[in-house]
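Enquirer: Structure in structure tokens, see below.
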Amino acid sequence: MEGDGSDPEPPDAGEDSKSENGENAPIYCICRKPDINCFMIGCDNCNEWFHGDCIRITEKMAKAIREWYCRECREKDPKLEIRYRHKKSRERDSNERDGSEPRDEGGGRKRPAPDPDLQRRAGSGTGVGAMLARGSASPHKSSPQPLVATPSQHHQQQQQIKRSARMCGECEACRRTEDCGHCDFCRDMKKFGGPNKIRQKCRLRQCQLRARESYKYFPSSLSPVTPSESLPRPRRPLPTQQQPQPSQKLGRIREDEGAVASSAVKEPPEATATPEPLSDEDLPLDPDLYQDFCAGAFDDHGLPWMSDTEESPFLDPALRKRAVKVKHVKRREKKSEKKKEERYKRHRQKQKHKDKWKHPERADAKDPASLPQCLGPGCVRPAQPGSKYCSDDCGMKLAANRIYEILPQRIQQWQQSPCIAEEHGKKLLERIRREQQSARTRLQEMERRFHELEAIILRAKQQAVREDEESNEGDSDDTDLQIFCVSCGHPINPRVALRHMERCYAKYESQTSFGSMYPTRIEGATRLFCDVYNPQSKTYCKRLQVLCPEHSRDPKVPADEVCGCPLVRDVFELTGDFCRLPKRQCNRHYCWEKLRRAEVDLERVRVWYKLDELFEQERNVRTAMTNRAGLLALMLHQTIQHDPLTTDLRSSADR
Amino acid sequence: MGTKEAGDARAAELGLLPSSTNPNKQMSEKPNYALKFTLVGHTEAVSSVKFSPNGEWLASSSADKVIIIWGAYDGKYEKTLHGHNLEISDVAWSSDSSRLVSASDDKTLKIWDVRSGKCLKTLKGHSNYVFCCNFNPPSNLIISGSFDESVKIWEVKTGKCLKTLSAHSDPVSAVHFNCSGSLIVSGSYDGVCRIWDAASGQCLKTLVDDDNPPISFVKFSPNGRYLLIATLDNTLKLWDYSRGRCLKTYTGHKNEKYCIFANFSVTGGKWIVSGSEDNLVYIWNLQTKEIVQKLQGHTDVVISAACHPTENIIASAALGNDKTIKLWMSNY
């Protein structure tokens with residue numbers, strides 16, 4: 001306050017003076033009240049506490065303040081200004097303070113209740129810290145020096161670094177305040193020009209205790225600063241390759257002792273001169289890079305690493321080889337585990353395969369002097385590696401010689417005895433021929449019937465209409481009964497029943513399609529399949545054309561058209577007479593020409609199918625016969641006859 | 001053949017041959033198999049030979065990953081079926097002689113159409129070498145035994161595995177359907193022979209002998225009442241499985257290492273035919289159990305011997321040193 005405020009003497013003095021008033025509770029603020037249950041802010045100069053309400057500073061505003069001085073101090077000393085915090089630095093400061101400054105137990109301090117609120121109050125920390133530094137009032141055992149440093153460290157947030165699931169708040173990494181700017185995570189950050197895809201904390205700030213293993217700091221994760229385009233290719237996969245392995249290693253260590261993990265992580269920065277302590281799987285980058293890092297060079301912005309791009313081609317194969325080697329190591333480890341469980345035979349087979357793979361390598365490694373001689377006739381040159389001949393010509397010559405020598409003998413052998421399969425084939429062909437002929441005659445028969453039918457229909461149409469008593473009879477009956485349609489199930493008048501059912505069926509049937517990819521191409525067939533192209537399914541409709549409900553609509557029947565159905569006596573005998581009823585009325589012969597046409601067409605289709613089948617069979621037999629005793633077959637196989645008398649093992653009964 | 005009979009008759013007249021009154025009886029005492037054809041063509045050991053049920057073809061599977069079809073009567077080469085990736089252990093015909101099934105070390109079985117030479121289906125499911133396979137008499141099912149100790153029943157039409165019988169505790173060496181297709185027999189290296197109901201997959205019977213030497217081959221007899229079991233102690237046994245008794249034992253050959261096929265020969269006299277590890281084909285009289293003939297000619301272990309369904313023809317195949325198939329014919 002007045003005189004005491006500017007004095008860096010224990011503020012207790014100021015409080016004590018208040019106690020002279022007779023109240024034991026210390027009083028604060030301009031209102032001089034002992035109330036401490038509301039938000040308070042402390043002056044960094046006089047260390048007096050003020051209620052936020054009294055001086056009209058809210059807690060939220062206070063959060064933005066870094067240094068605050070009460071009005072009186074400011075008036076007294078114009079140099080004192082209220083300093084506000086940068087948005088980001090506020091968070092960082094708060095983190096740092098967590099680690100760097102000791103926590104306020106609050107237990108041993110003179111000020112009682114403010115303690116729990118202390119953490120939330122702006123400015124309280126420093127005040128208290130300053131108080132603690134002087135140390136007399138509180139038995140708090142903390143090291144004073146780092147606390148009473150520069151004003152910039154007078155953070156208004158608590159000195160305690162926030163703990164969270166991924167931050168212990170106490171390790172070296174947690175205490176760091178600034179991002180290094182050179183690790184892969186930093187380079188991904190927007191503020192360092194990265195695409196912000198990875199979005200993780202700086203490697204050096206990953207908590208050593210609680211952060212994910214793969215996020216923690218490793219020297220290999222510090223890659224050169226060069227922009228991604230210019231990064232040589234083998235380098236880029238490296239971080240991803242290495243991370244799982246070292247983390248595995250760490251993970252294993254962690255199982256033993258949790259504490260060791262942190263030390264293991266701390267080790268790399270210190271292992272400067274000797275890269276050996278890192279495991280083989282920890283593929284270290286090129287030595288230059290490593291040394292640069294170890295010299296603390298990641299403060300220099302990238303210059304040493306820039307130069308590495310020139311060396312990259314030289315290093316790539318080496319790195320790549322080591323990278324590949326690592327993969328093999330992993331795979332072999334997995335394999336060896338499996339082998340123990342597998343049978344011996346499979347184990348051996350796997351090795352056999354491996355050996356087979358190894359052999360080509362060995363062949364490549366041969367020197368010309370040890371190559372075998374070419375197998376060509378009369379040729380003394382060495383063979384090409386991986387081949388038996390020195391050139392194509394030699395190979396061809398040898399093959400030709402073989403054929404000249406061996407083939408005549410084989411042909412003679414073959415012809416020594418009649419080939420029974422040939423005989424069978426010939427018999428089969430004959431049979432097929434005969435069947436084909438009979439099928440063809442049937443086909444002709446069908447065609448004839450087809451034409452007959454058309455003639456009948458035509459003739460019938462030319463008849464005149466004649467009303468009959470029959471029709472009237474038909475009408476009077478069945479008007480009361482109801483028939484249910486077989487397709488839709490609705491009750492319908494029997495008079496229109498046929499027509500309705502026909503249309504109903506067509507409606508349902510036309511919803512499905514029945515077709516094949518190929519259009520019909522049969523010579524000599526007039527009308528068989530519908531063959532309408534359906535572009536959706538890319539098929540041609542393969543229903544009978546006369547019957548297809550989808551694609552052919554029944555033509556409208558004119559009123560004067562006559563039914564024309566040939567009448568029969570006793571089902572089979574044709575009377576020669578035709579039904580004279582108008583088509584629209586005739587129920588007995590409803591759609592007769594469609595049905596008859598369909599019958600004939602179906603027969604024709606059947607015959608065509610049969611012909612097709614026979615054709616297929618014939619083709620098979622013919623190919624078998626032509627391919628028998630081919631050059632390759634004769635050269636590769638041989639049948640040695642031991643008994644010249646016996647050429648056929650069949651007993652005479654069967655022949 | 002005519003000349004031979006005349007010769008025999010004359011020898012009988014001269015009193016050189018016993019019981020000359022009844023030539024039939026003499027004929028049924030011993031066969032006279034003679035080597036007629038040698039079929040050369042495989043480049044690795046032959047693993048199995050089978051005659052087609054219609055008697056026209058002989059199928060041979062080999063370690064060179066192919067199946068070769070030969071004419072059964074003239075021994076002439078017909079065609080080759082390619083497709084497997086590893087050695088083939090067994091091949092079997094369907095009843096209409098139009099399809100083949102082959103079992104291979106690549107853990108699959110393949111169904112082939114003989115006429116076109118194409119592989120119709122590949123049956124996958126085993127987890128180790130497939131060792132033996134067979135069709136059932138209606139030829140709508142395939143049964144296979146494997147080194148993964150299981151027996152699988154497959155449907156031919158779809159190629160799907162219908163049932164897996166966890167049959168044994170050692171590689172299954174042989175599987176066979178009986179003549180009606182209702183029973184399955186499986187034999188294995190664990191010395192146990194099991195009979196299963198084909199429809200339900202239930203194990204109906206287990207046949208174990210006093211000591212249980214590994215079983216190398218099992219087969220139903222043509223009438224389905226007996227089992228022919230070959231074990232790796234140089235023994236062939238004929239069992240009446242309904243009573244669980246061993247009726248006949250055939251010995252004299254050598255079989256300690258390989259799964260050698262054995263067969264019933266019923267076209268002429270009733271014989272048991274089997275290969276052997278001493279490069280001979282052994283023929284025993286089924287009833288008297290004595291060795292009636294030993295066929296010599298191979299230069300390596302005779303792994304498979306098959307009998308023609310209608311003629312007195314035997315086909316035998318040998319392993320890697322020999323790689324040939326020999327056709328033998330007999331008069332009786």
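Each Cβ is built from the backbone N, Cα and C atoms, and glycine gets one as well.
What TrEMBL shows for this protein is this:
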COMPBIAS  B:1-11  compositional bias 'Basic and acidic residues'
REGION    B:1-28  region 'Disordered'
DOMAIN    B:38-328  domain 'WDR5-like beta-propeller'
REPEAT    B:39-80  repeat 'WD'
REPEAT    B:81-122  repeat 'WD'
REPEAT    B:123-164  repeat 'WD'
REPEAT    B:165-206  repeat 'WD'
REPEAT    B:208-249  repeat 'WD'
REPEAT    B:250-294  repeat 'WD'
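What does the local environment look like for each feature on the list?
Expert: Confidence in the domain 'WDR5-like beta-propeller' (B:38-328), given as mean pLDDT, stands at 95.
A Cβ distance under 8 Å defines the sequence-distant neighbours of the repeat 'WD' (B:39-80), meaning residues of its chain 6+ beyond its ends; these are 86-97, 100, 102, 104, 112, 114, 117, 261, 300, 303-311, 313, 315-320, 323-327.
Residue counts of the repeat 'WD' (B:81-122) by helix, strand and coil are 0 helix, 24 strand, 18 coil (DSSP-based).
A Cβ distance under 8 Å defines the sequence-distant neighbours of the repeat 'WD' (B:123-164), meaning residues of its chain 6+ beyond its ends; these are 89-96, 99, 101-105, 107-111, 170-177, 179-181, 184, 186, 188, 196, 198, 201, 259.
Residues 128-129, 131-138, 141, 143-153, 212-220, 222-224, 227, 229, 231, 239, 241, 244, 259 of the same chain sit 6 or more residues outside the repeat 'WD' (B:165-206) yet have a Cβ under 8 Å from a Cβ within it.
Long-range contacts of the repeat 'WD' (B:208-249) within the same chain, counting only residues at least 6 positions beyond its ends with a Cβ under 8 Å from a Cβ of the stretch, are 170, 173-180, 183, 185-193, 195, 255-264, 266, 272, 274, 284, 286-287, 289.
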Enquirer: Counting each residue once, how many in the repeat 'WD' (B:165-206) are helix, strand and coil under DSSP?
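Expert: Tallied per class, the repeat 'WD' (B:165-206) gives 0 helix, 22 strand, 20 coil.
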